[in-house]
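Q: Pulled from TrEMBL, these are the listed features:
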- 20-39: transmembrane segment (TRANSMEM)
- 83-227: domain 'Flavodoxin-like' (DOMAIN)
- 89-94, 141-144, 176-185, D211: FMN binding site (BINDING)
- 282-524: domain 'FAD-binding FR-type' (DOMAIN)
- R301, T538, S599, R600, K605, K606, Y607, V608, T609, D642: NADP(+) binding site (BINDING)
- R457, Y458, Y459, S460, T475, A476, V477, Y481, G491, V492, A493, T494, W680: FAD binding site (BINDING)
Amino acid sequence: MENSEGVKIESTVVTEEPLISALDIAFFVVIITVAYFWYFKRDKQSSSSEKKPYTIQPSSLSSIEQTSNSSFIKKLKSTGRSLVVFYGSQTGTAEEFAGRIAKEGARYKMKGMVADPEECDMADLVEMKEIQKSLAIFCIATYGEGDPTDNAMDFYEWLQNGDADLEGLNYAVFGLGNKTYEHYNEIAIYIDQRLEELGATRVHEIGLGDDDANIEDDFVSWKEKLWESVCSHYGIEETGEESNIRQYKLVDCSEVLPERIFSGEISRLKSYENQRFPFDVKNPYLSKIAVNRELHKSGDRSCMHIEFDIDGSKMRYDTGDHVAVYPKNSSELVDKIGELLNADLDAVFSLLNTDEESSKKHPFPCPCTYRTALTYYLDITSNPRTHIIKELIEYASDPKDQEKLKLMASSTPEGKKEFHEWILRDNRNIVHILEDLPSVKPDLGHLCELLPRLQCRYYSISSSPKVYPKSIHITAVLVNYTTSTNRVNKGVATNLLAQLIPTNDELPQPTIPIYIRRSQFRLPPKSQTPIIMIGPGTGLAPFRGFIQERDYARKEGREIGEMVLYFGCRKKDEDFIYENELQEYVANGTLTKLHLAFSRDQPEKKYVTHLLEQNADELWNIIGEKSGHLYVCGDARSMAKDVHSIIVKVVMEKGQMTNSQALNYVKKMEQQKRYSADVWS
């Protein structure tokens, strides 16, 4: 009683004479909470605006107008346009095609605009019928294993889940794909069919571009027939006027303060000096190169093992993910362009969009020097497309050079043949063209407008975050080859990486911008599930991470399933990468079986596909009887297709199925994520 009375008395004293009442405390908490959220929101908005430093908004815009920026319909109506070209682009090609179509619209009395579906309210498509003689064109790439590009994902999901009435919408679709992949142009085909299902009217049949062949030819051929269909559908005629209007105007920025000039940043000014999480495609992390070592034991080829330091970055990755690396062009090629055009590469300039309604004010971060643009922002090593060739004609002072360019820019059979042989087969880039046609002296500002953006390069991550949480490993073959014109072409990213060798002294370590791209290439959720991995050459990369992760689980005392690896290379003593690691995993039991194929160590070529055919019983035991997972990584053009055919054959024979049943079985494996591919062409 005394104790409880004592407590009760003490309690009474506290409540009768408080220093801070409960109401005061509650009021104080509310103030702190409001202040926190106010500060957080302001900081978030500030950060968001800094990520888009060159989206210029007129100061006269009202708050209502600012909130309606996603309405492409309002932009069309306010500017008297009837053509909108949407693009789904991962590398920039679809965006480039969209721009060319929009530009040509003027020849058919259809003023056009280019639109990014990620920045638009695509539900506004239902209002397109309110604009007389309106047309929506979709240039849509299929990415990876039948996926939409990042910027088209929301639109794709809107089509899948929505049920909008699109009657009155006139449309056409051009797809960008690659026939070496199983899901060739799958997204474009779906969008074309889905728009029709929702009531829209197809003005012209879908075009399917094949990047494994000549996607430029596919696009040009489709585009010519598109305009014929447009003229027929709307009862209009071509004006016959060539549209060579510049999309951007050149601005002299010599008076701009040095601290306002971009020097290679992807989006936010000074982002490499002041790094801010989260890191993504527009805000990459400047990673130090921790390790860069040669994997090949001999021979004239090179394969690098590179480790990016991500300690302190807050970046996280999963086994099977990709890392994107932002390269830069060689100073030798950049200087060559300056020399050929007699240009001051250190002059500061900007390119400003002549279309005030466009959300894309600049083709790349501006203002900057020509040297910066040619080094970090523009692709100067790929084969120029025909629209660039066409724009170069006016700069040729020699009639012979002019006629050659005219021929290659034409859509005639002779022109297509010349373009294919002189540009594609001989692998000429813009530098080679300027060298071989010396009278062609384009304005450097115009050239910067024409050239496509330099894209980041993706690599399969060859490490597990369980084992290496503070670093990302990649396995990359150095790309160097001699063309038919006796020029040495070099891979932009791999040749840069080859030069970034960390030192042991106190000098600043080499760095490169990176970010992580998520993948669906994943280990089974249960560590006991058996798996088969097929990865010749650098296709081994993600499987190195898989093995590390399973080895980590084994050391923790968890049960792990069978791991069977098929690896192939040319010669055991030359390019058997990670040999010691793999043999150690075999010795400790993590790697159940290691099947090796050295194609040139014997008179007859021997590949992993031969080993797969020889081990049909083992294959069926894992993927059929034990419901295991099968993974393929490497060349899509031949290896991955051959593997697929062999798997179907094994399922037929060992599973006692017909060809149709076997195909359905393999298809079901893919749907269940039991058959996964991480391939490239």
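Each residue, glycine too, has its Cβ placed from N, Cα and C.
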Q: Report the same-chain neighbours of S599 (NADP(+) binding site): residues 6+ apart in sequence with Cβ closer than 8 Å to its Cβ, ordered by sequence.
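A: For S599 (NADP(+) binding site), the qualifying residues are G568, C569, R570, K605, K606, Y607.
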Q: Within its own chain, what residues at least 6 apart in sequence put their Cβ under 8 Å from the Cβ of Y184 (FMN binding site), listed in sequence order?
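A: The answer is T142, G177, N178, L208, D210.
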Q: Where the record says R301, T538, S599, R600, K605, K606, Y607, V608, T609, D642 bind NADP(+), what is the longest distance in Å from one Cα to another among those residues?
A: 26
Q: If you run through the domain 'Flavodoxin-like' (83-227) with DSSP, how many residues end up as helix, strand and coil?
A: 65 helix, 35 strand, 45 coil
Q: Counting every protein chain present, what is the number of Cβ atoms, excluding its own, within 10 Å of the Cβ of R457 (FAD binding site)?
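A: I count 19 other Cβ atoms within 10 Å of it.
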Q: Hey, what's the widest CA-to-CA gap across R457, Y458, Y459, S460, T475, A476, V477, Y481, G491, V492, A493, T494, W680, the FAD contacts in the record, in Å?
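A: Taking every pair of listed residues, the largest Cα separation comes to 23 Å.
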Q: Measuring Cα to Cα, how far is G92 (FMN binding site) from T609 (NADP(+) binding site) in Å?
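A: Distance between the two Cα atoms comes out at 35 Å.
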Q: Closest of the binding-site residues to T475 (FAD binding site), Cα to Cα, picking from A141, R301, T609?
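A: Spatially nearest to T475 (FAD binding site) by Cα position is R301.
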Q: Just name the most isolated of the binding-site residues A141, A493, going by other Cβ atoms within 10 Å of its Cβ.
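A: Among the binding-site residues A141, A493, the sparsest Cβ neighbourhood within 10 Å belongs to A493.
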Q: Nearest to A493 (FAD binding site) in three-dimensional space, by Cα, is which of the binding-site residues S89, A141, G144, Y181, R301?
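A: In terms of Cα distance, A493 (FAD binding site) lies closest to R301.
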Q: Rounded to the nearest Å, what's the C-alpha distance separating Y459 (FAD binding site) and A141 (FMN binding site)? Just drop the number here, would you?
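A: If we compare the Cα positions of Y459 (FAD binding site) and A141 (FMN binding site), the gap is 20 Å.
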Q: Tell me, in order along the sequence, which binding-site residues from R457, V477, G491, T609 have their CA within 10 Å of Y181 (FMN binding site).
A: none
Q: Quick one: mean pLDDT on the domain 'FAD-binding FR-type' (282-524)?
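A: Average per-residue pLDDT within the domain 'FAD-binding FR-type' (282-524): 96.
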Q: List the Cα distance (Å, whole number) between W680 (FAD binding site) and A141 (FMN binding site).
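A: Each residue's Cα considered, W680 (FAD binding site) and A141 (FMN binding site) end up 15 Å apart.
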Q: Going along the chain, which residues six or more apart from G144 (FMN binding site) have their CB under 8 A from its CB?
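A: Correct list: Q520.
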Q: Between V477 (FAD binding site) and R301 (NADP(+) binding site), how far is it from one CA atom to the other, in Å?
A: 8
